[in-house]
Amino acid sequence: MDLETGFYQNHVKKESWRTILTLAYQSLGVVYGDLSTSPLYVYKSTFADIEHSETNEEIFGVLSFVFWTLTLVPLLKYVFIVLKADDNGEGGTFALYSLLCRYAKVNSLPNCQLADENLSAYKSDIINPVPSAFGARLKSTLEKYRVLQRFLFVLALIGACMVIGDGVLTPAISVFSAVSGVELAMSKEHHKYVEVPVACLILIALFALQHYGTHRVGFLFAPMVLTWLLCIAAIGLYNIFHWNPHVYRALSPYYMYKFLKKTQRGGWMSLGGILLCVTGSEAMFADLGHFSQLSIKIAFTSIVYPSLILAYMGQAAYLSQHHNIENNYHIGFYVSVPEKLRWPVLVIAILAAVVGSQAIITGTFSIIKQCSALGCFPRVKVVHTSSKIHGQIYIPEINWILMILCLAVTIGFRDTNRMGNASGLAVITVMLVTTCLMSLVIVLCWHRSVFLAVFFVFFFGTIEALYFSASLIKFLEGAWVPIALSVIFMMVMCVWHYGTVKKYEFDLENKVSIDWLLGLGPSLGIVRVRGIGLVNTELVSGIPAIFSHFVTNLPAFHQVLVFLCVKSVPIPHVKQEERFLVEHIGPIEYRIYRCIVRYGYRDVHEDDMQFENDLVCSIAECIRTGRADSNNVDEDSTKQHEEMMVLGTPSTHLGGIRPCDDEGPSQDIVGTSEPTETQSPPGIRPRKRVRFVVPESPEVDSSTREELQELMQARESGIAYILGHSYVRAKQGSSLIKKIVINLGYDFLRRNCRAPTYGLSVPHASTLEVGMSYYVQETAKGFSIKRNGSLQNVRRRSPRHIAYKLCGLLDNLLFITLCRQVSWCHIHGSASLGADGRVDHVGPSFSGPWQLAHSRLVNEKNKFVGSKVSSIFRSPVSSQACGYIYCSIVRADNYLGRAVSKKLVTVFTVMGSRSCGNFLDLASGELLDIPQTPRALPRVMTIPGIISDSNVSGEGDSDSMSSICRDRKIVVANMLPLHAQRDSETAKWCFSFDEDSLLLQLKDGFPPETEVIYVGSLKVEIEASEQDEISQILLDDFKCVPTFLPHDIQKKFYHGFCKQQLWPLFHYMLPMCPDHGDRFDRQLWQAYVHANKIFADKVMEIVNPEDDFIWVHDYHLMVLPTFLRKSYNRVKLGFFLHSPFPSSEIYRTLPVRDEILKGLLNCDLIGFHTFDYARHFLSCCSRMLGLDYESKRGHIGLDYFGRTVYIKILPVGIHMGRLESVLNLPSTCDRVKEIQEQFKDKKLILGIDDMDIFKGISLKLLAFEQLLQQHLELQGKLVLVQIVNPARSVGKDVQEAKKETYSTAKRINEVFGFPDYEPVILIDRPVPRYEKNAYYAMAECCIVNAVRDGMNLVPYKYIVCRQGSSPMNEAIGVSMDSPRTSMLVVSEFIGCSPSLSGAIRVNPWDIDSVAEAIYLATTMPDTEKQLRHEKHYRYVSSHDVAYWARSFMQDLERACKDHYDKRCWGIGLGLGFRVISLSPSFRKLRIDHIVSAYTKTNRRAIFLDYDGTIVSHSSIVRSPSPEVITALNTLCNDPKNTVFIVSGRGRTPLSDWLEPCERLGLAAEHGYFIRWNRSSDWALLAADLEWKEIVEPVMKLYTEATDGSYMEIKESALVWHHRDADPDFGSCQAKELLVHLENVLANEPAVVRRGQHIVEVKPQGVTKGLVAEKVLSTMVIDGSPPDFVMCIGDDRSDEDMFESILSSVSSSSLPASPDIFACTVGQKPSKAKYYLDDSADVVRLLRGLASASSPKPRHSAVFQVTFDSVF
C-alpha cells in the first residue's frame, strides 16, 4: 500500500500483511473503543425498566438479546455487508450518499459536469455491470422527481447530524459509566462529589489530545483497548466457570421469547438499554477512510467480538447466582468483577472509556469534512495530522464544540440511564439511515436484484425499527437531546446549502454572454498589461458577472486571462493526472482560457506555488497538444465541455511540457524526447526567468510557440488572483422566514466560517478582492437573486475619463493599493458613465459628496487645482472633477491621504503620458515609488485649498503649508537622552547626547524648525550644590531640563515601585510568592507619586500650556498627567507606553489600579505598540471605571467627562540613518571580515537580549540543544552566538536566570562541542555598537524568543544590517546587486511580532516548536528568504522612528484641536482629579433663576421623568419619598400648573406609587398610556403589538445566554436589561441583540432603541416627545398656551422631550415664546441647555418651586442663600 498517497489506493495496490495487521492494531484504539466499553452500562441501563428475579429468565433473555444483536448488526450487517459499500476507501453516511449521486443524477452540487463522470474513480465500485430492469426504473424515478432527491438529501443529512449528536453523547456516557465504578469503594455522599468533576476532567483531557492526530492517538490508545478486551474476556471466563458454566444455553433465541413473554411492556422498553451493546458499530464504517476493510474485519472477528460475548456471558453468569440486589447500581459491571481486582479493573475501565470516545469523535471529524466539501456544512479548518495518510484529520472548531456539549450533557444529566437513552436513539437512527441508503446502493450501484435490497431492508430494518421504537418512547427521559442537537445541526446545514446553491444559481443566471466578450475585441476594450490574471469563479461555463463588474470599475487587465474554477466532485480523491480541465475561450489571440480544478471531498488542496506551476503547465500543455475550435463561441454547449482537455500536473505527464525556473544563464535540459527550450525574449529582464521544456513535435508550430512565449512572459510578470467577495441579502419585501434564513442565518455562518481553501493559500500581495451584493427575492416561479449594480460594455477610455474613474474609486477604497503596507484591494459598488463619458454615478452615493465638492470649489484655491489638472491633461477639466478629487482625498484615512496628496500629480502625469497603459502596474506601486522615509509627511488639508507637498514646487498661498504645529514639543521620560561623565582632570561634569536613545531620534519626525525640550533624570547622581549650574548648562546646550530626585525617592521610585511592582505586573508576573516580585508596599507607591509630582513641577516651569505639546513616555510617569491637567486644564498632553499593558484580570490585582487609569485618562492621546495592549487598557477602563469606547473614522476614543481621550496604536521604529552610518564604519567592516573568517563553513544564529527572566535566553538554549539532538547533520555546522546585554535591574531572579544560562551553555558545549567547534558562544560583556552590527550582518538567522516583552527592536536592526552597505559588501566580497536574505524567529509575545508577517512566530515555552522553527529558518531556500527579507525591509525602512514620532504628534494635534471650543473645569481631589469639558451654552440650573421666571408666569407646563430624576437609580425603594409627593401635590394644586410624570415604566406601578397625587398627569411606557389626573381614564395610543411575539423569544434567548440580564415585559414594550451583567459581555450582547432585532423587525411597526444598559423595543411613533407635543397642543387648543415650560430627565429617551419642546418654540406652534427650561440630570452631552447633578438636586428644585406656589405669610421672613459654582 502506498502510504504517501493515502489508503484510498487500496483498490489499486495490494496491501502487505504487515500493513494490514498494523492497521488492525491501530483500529482497536480508534474504531472499537466505544464498542468495547459497552459492558460498562448495558445491563445497568437494561434493568432500569425491569426487575431481576430468581428464575433468571430476565438475565438470560437479556443475554440472548445481546448475543444476537451483536451477531446480526455489527458482525453480519456491518462487517460482511456495509463495509463493502465504501466510496473508494471512504465510509460513512455521506459516503453512501455521494456513491448514489454518482450512479443517479441526484447530486445536490450545482456545478456538476459530464466530464466528471469520466474520472477513473467515478464508477469504480460496480460489482455487477449489468443493471436490472427495476434498478433502471428506480434510477429514472429518482432523477425525475425533485422531491425524491430532496428527501434523499435530507435523509443523508439526518444521518450525518445524528453521527455528530452521537459524538457528543458517547464520550459522556462512556467516561461517566467508568468513573461511576468508584461508588463501590466509597459512600454515596462522597461519591456524588467525585463522579461528575472527575468525568469532566477526563473529557477535557480527551478532547485536548485530539490535535495530535489519529495516527498518534491510535498507537497510544490501542494498548489500552487491547488490555481492556483481554481483561473483560478473562473476567468473563472466570465468572462462567466459577458461577454458572451452563450460561451458554441462554444464547438460544428461545430465551428472547420467554423474556418478552414475561416482561411484556417493560421488556420492550428495556430494549433501549440492550441497544447500547452495539454503540460504536457505525464507527467501523465511518472510520473506514482511516484504515482498510480487511484490517477492520480482522480486528473485530478475532478480538473484539469474542471478548464482548465472553464479557456479557460472564456478567450474566454472575447475576444468575446473585439475586439479592440492593439497588439498581449493583446490576452494573463492577459487581461481577472479583473484589481483589476491582481497583485495577476500575483504572483500566476509565482508560478504556476514554479511548471508547475516540471512535465516534474521529467519525464526527470525517463526516463533517465530507459535508463541508460537498457544500452542506460551513467551511471549517481541517488539519491533516499525518503527512503520509491524509485521511487522518482534526477539526479544531468542532473538537471544542463537542467538548463543551459533552460537558453540558455530563453535568446536566449526571445519570447513566438518561445518557443511555439519548445515546441509544442517536445510534439507532444512524443505523436506520444506513440501512435505507444501503438498499439503494444494492440496487443502483451494485446492480443487484431488488429482492435482495428488499430483504436487506426488511430483515435489518425490522430489528432496528424495534429498537428505535423502544428508544423513542423514552423521549422525556433523555432521548430528546440527540433530536435537539440534530435539529440545530440540520438547520445549519440546510441554511448553508440553501445560500450556497442560491448564490451559484445567481452566477449561472447572470453570467455574461460570450458575445459581449467578443464584441470588446482582442484587447477587451481595456488596457492589457503584463501578467496572468486568475478570475476565481464557481461557474464551470460562461463568463462570471464579477469579471464584467471588475473591468467596468478598473479598465485594465492582464495579457493572459484565466477563468479558474476550483470545485469538489462527489468522490473521495481525484488522481493527479485527472486534476485539470483546460480549454480556450474565444479566438486564440484573445489569450483567454478556462481551467477547472477538481478535488475530491477528502483531497488536500495544494499550496499556492505548486498550484501556480501546475496550472501554468496545464495551460501550456493545452496550447501544445491541441486547441478548441477558434470559431466556437457557444460556451454553454455540452459538446465543448466534453472536449475540454483532461490534464494533470507536470509530474504526471513527463512527456509533455515541464517548467524550469532559472536565475542564471541558460543550460541544456534533457527531456523525454530531445526537448527544446522556449525562453523569454532577450529584451525583457525579468525578476525570475521562466522556461518550458517543450518536446520536439510537429504540433509545435510557430503560432503555438508564439503563444507559449507570451504565456511565459506573463508568468514572469506574476500572477494576480481576482477573488469575489459576496454579500447575500434578502431583497426588501421578502418573507420573514427568508430574511431570517438569509440575512441572519446564512450571513452569520458566512462571516464566522473559514475562507475558501484557495483563498487562504493565495499570497495577499497578489490578491484583488471584488465585492458583489446578492439579493435573494421571491418571484412567481420561485426564487432568484439579483446583483447590486448593472453590467455594461466597457470601451477604451481617454486619460480624462480615467481620471474621473480614479476619483470615483478613491471613494470605494481602490486607491488603497498605493499604500504598500495594505495588500488587499476591495472594489465595492459600481460606477457608470454618461453619454459624454462623464461620471454619472460613483460609488454608493452620488449627491452628497458631489454637492460638498461643488460648494467647496467656489473659492479661488480650488480653481487653481482645476487649472493645474487641466494643464496636465492638456485639456480643460471641470471643477466638479477636481472637487471630487479633493473630497476623495480628504475623506481617505491619514496615511492614504498623505500618499495620495503627495503623488496625485505624478499619477495624472503618468496616466496622461502613457495613455493609461499598464494601469495595474500603477496600482501595484511600481510607478508610485513612495519614499520610504520622507522628512516631513504632507498633511491632509482641513480647509479648502491646495494640497501641497514640501518636495513639490511651492506655488500657491500660505494655506498650502503643512498644518503641523511648529511650536515646542516637550518630551518627558524617566531618563534624559544624555551621557554624563565627570572629567578626571577638571572634576567637572561632561555631557553628550546618547545617539542610541529613542527620545533623541524621534526629533527627526518633526520639522527642522521645531524646538524639542527634554525633561527627565540623569543616569548619575548630582550633588545638590551643583544642580543649579548643571540645570542651566543642560538647558542652554542640550535643551534638557533635569529632574533631581532625592536618593531615597529615586530608589523607592525606580528600583522599588517601577521595577519590583509595575514592571513584573505589566509582564504578567503576580507577586504570588516572594520569588515572583514584592508585595504591594504603600511607601513605594507614595514615592512613585512623589517622583511624578517632581517631574510635573519641572514641566510646569517651562511649558506654555496654550501652544506647547507635551509627550510623556512609559510606565514610570503614569500619574504625571494628573498633576499637569490639574494645573492646566487645556494642556496638550500625550502619553506612550513602551511596555506591554496586561489584561484586566492581571491589572485589576494592583491596589492603585484606579489612580493609574485615571492618570492616563487625563491625557488627550494614549499610544500603544499593538492592538492587544490597547485592547487590554480599554477593557480595564470598561470594567473598573465603567467607560465605553467607540471607533470613529478609524480612531478609537473614550468619552471621559466630556473629553475624548484617543487611543493610538503605532509600533515604534528604528533610526535608519544612525544604523546605516555605523554599518559604513571601517571598524564594522573589519569586524565583519573577522566574523566571516571565524565562522567559515558554519551557519551563524544570533541572539541579543538583556539579562532578565523575561527574555527567554535559557529557553532559547534548550531549543538549540534539542535541535542538535534531533538533527545530527547540523552538529559542527551551526553556531549560536548569544550576546547578553547588562541587566537593567538587580535581584535574585536575575542571578538565577544568569546562572541557568551559563550552566545550559556549558552543558551544550560539553556534549556537542569538539576541538575548533563550540556550539554556543556566550558573550557577556559590553559589546560596542559596531560589533553588534557586524554580528547582525553575518547572522543567517536571528532569534528573539522573549516570554513577554514590549517593542523589541532587535529584529528591526537585524533586517537593516542584513541589507548591508557598500563598504561592508566590498569588505566581504559581495556585489551590491546580489540578493539579500534574512530569517527571523520571533516570539509571539513581543510587540514587534504583529509587524513582521514574514517571520516565523513561535511560542517560546514550546521547546519543540522553537527547535523546529530554527531548523526551518536555517534550511529554508534562499529565494524564500529573499522574499521575506524584502518584505521586512520595506516595512522597517518606511516605519522608522521618524514616522512613528510624526504620526503620533499629528494625532495628538488632532485630538487637541477642540480644547478651546468647550468650557472646562476640574473636579476631584488628589489623583482622582479630572477635567469636565462641556459646551459653553450648557450650564447648571440655578434654583433662584428658575424660581424667578416661575413666579412671573401665569400658565406653566412641567414634565418630569421618573427613574433617575425624582427617584435615584441607586435607591432600592422605587417609590417616591414623602418629600417628593408633597412637592408634586403642591405643584399640581396650583391652578396655573399642568404637571406630568413621563416615564418608561408601566402604568400599574406608576399609578400605585403616585396614587396620593390626585391632579398629577401620568404618561406611562413612553407615552403609550396617558391620563390627565387620577380620576380620568387611561388613553392609549392605537398600535399594532403583534411584533411582541417575535421579540419575546429573541430576548429570552439572550437572557439565557447572558448571566445577570433580565427581560422586562410591559404592555406596549419589551425591555432587556444588562446592568448587572459583565460590562464587556453585556455591552457586546446588547449590540448583537440590537442588530438582531433590527433585522427581525425590519418590516414591523416597532422601533428598537438602545439606552443606558437596556435594549428596548416599543411601537413606532411612541416617544416622550409625542407626550410633550400633545400636552402643549391641548393647552393651546384650550386657550391657555404656556408661558413657562420645564422639562427634566436623565435618559436618552428624555432627549425626545427636549427636542420636541425646542422644536415647538422654533416652529411657532405656540402663540408666544415661553421660558424654556430643558434640564438633564448629570453632566453629559445633551440637547438640553441646563443640567442638575443628581436626583437630590431635582428634589431641591421641586421644593423651591413648590415654595413659590404656596407663599408663606408676610410676617415670615424667608432667606434663601445659594452657593453656585463659578466657572
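Cβ atoms here come from the backbone N, Cα and C positions, even for glycine.
The compositional bias 'Polar residues' annotation in TrEMBL covers 669-681.
According to TrEMBL, the domain 'K+ potassium transporter integral membrane' annotation covers 23-517.
What TrEMBL records for 531-774 is domain 'K+ potassium transporter C-terminal'.
Residues annotated as region 'Disordered' in TrEMBL: 652-685.
What TrEMBL records for 59-80 (among others) is transmembrane segment. Sequence-distant contacts of the transmembrane segment (59-80) (same chain, at least 6 residues past either end, Cβ-Cβ under 8 Å): 35, 42-43, 46-47, 52, 247, 249-256, 258-260, 262-263, 267, 270-271, 274-275, 277-278, 281-282, 284-285, 296-297, 300-301, 305, 308-309, 312-313, 316, 319-320, 431, 435, 460, 463-464.
Residues or ranges marked as transmembrane segment in TrEMBL: 147-165 (among others).
Away from its own ends, the transmembrane segment (219-241) comes close to residues 25-30, 32-33, 36-37, 39, 209, 212, 247-248, 303-304, 306-308, 310-315, 317-318, 336-338, 341, 345, 348-349, 351-352, 354-356, 358 of its chain (Cβ-Cβ under 8 Å, at least six residues beyond either end). Under the heading transmembrane segment, TrEMBL lists 219-241 (among others).
The transmembrane segment annotation in TrEMBL covers 266-286 (among others).
Residues or ranges marked as transmembrane segment by TrEMBL: 298-320 (among others).
Using a Cβ-Cβ cut-off under 8 Å and counting only residues 6 or more beyond its ends in the same chain, the transmembrane segment (341-361) has close neighbours at 29-37, 40, 163, 166-167, 170-171, 174-175, 177-179, 181-182, 184-185, 202-203, 205-207, 210, 217, 221, 224-225, 227-228, 231, 235, 280, 283, 287, 333-334, 399, 402. The transmembrane segment annotation in TrEMBL covers 341-361 (among others).
Residues or ranges marked as transmembrane segment by TrEMBL: 393-413 (among others).
The transmembrane segment annotation in TrEMBL covers 425-444 (among others).
Packing against the transmembrane segment (450-468) from elsewhere in the chain are residues 69, 72-73, 77, 81, 132, 134-135, 138, 271-272, 274-275, 424-425, 428-429, 431-432, 435-436, 438-440, 442-443: each is 6 or more residues past its ends and has a CB under 8 Å from a CB in it. Residues annotated as transmembrane segment in TrEMBL: 450-468 (among others).
Residues or ranges marked as transmembrane segment in TrEMBL: 480-499 (among others).
In terms of C-beta pairs under 8 Å, the stretch of 298-320, 393-413, 480-499 lying closest in packing to the transmembrane segment (266-286) is 298-320. Confidence for the domain 'K+ potassium transporter C-terminal' (531-774), expressed as mean pLDDT, is 67. Each of 147-165, 298-320, 393-413, 425-444 was scored by its Cβ pairs under 8 Å to the transmembrane segment (480-499), and the highest score goes to 147-165.
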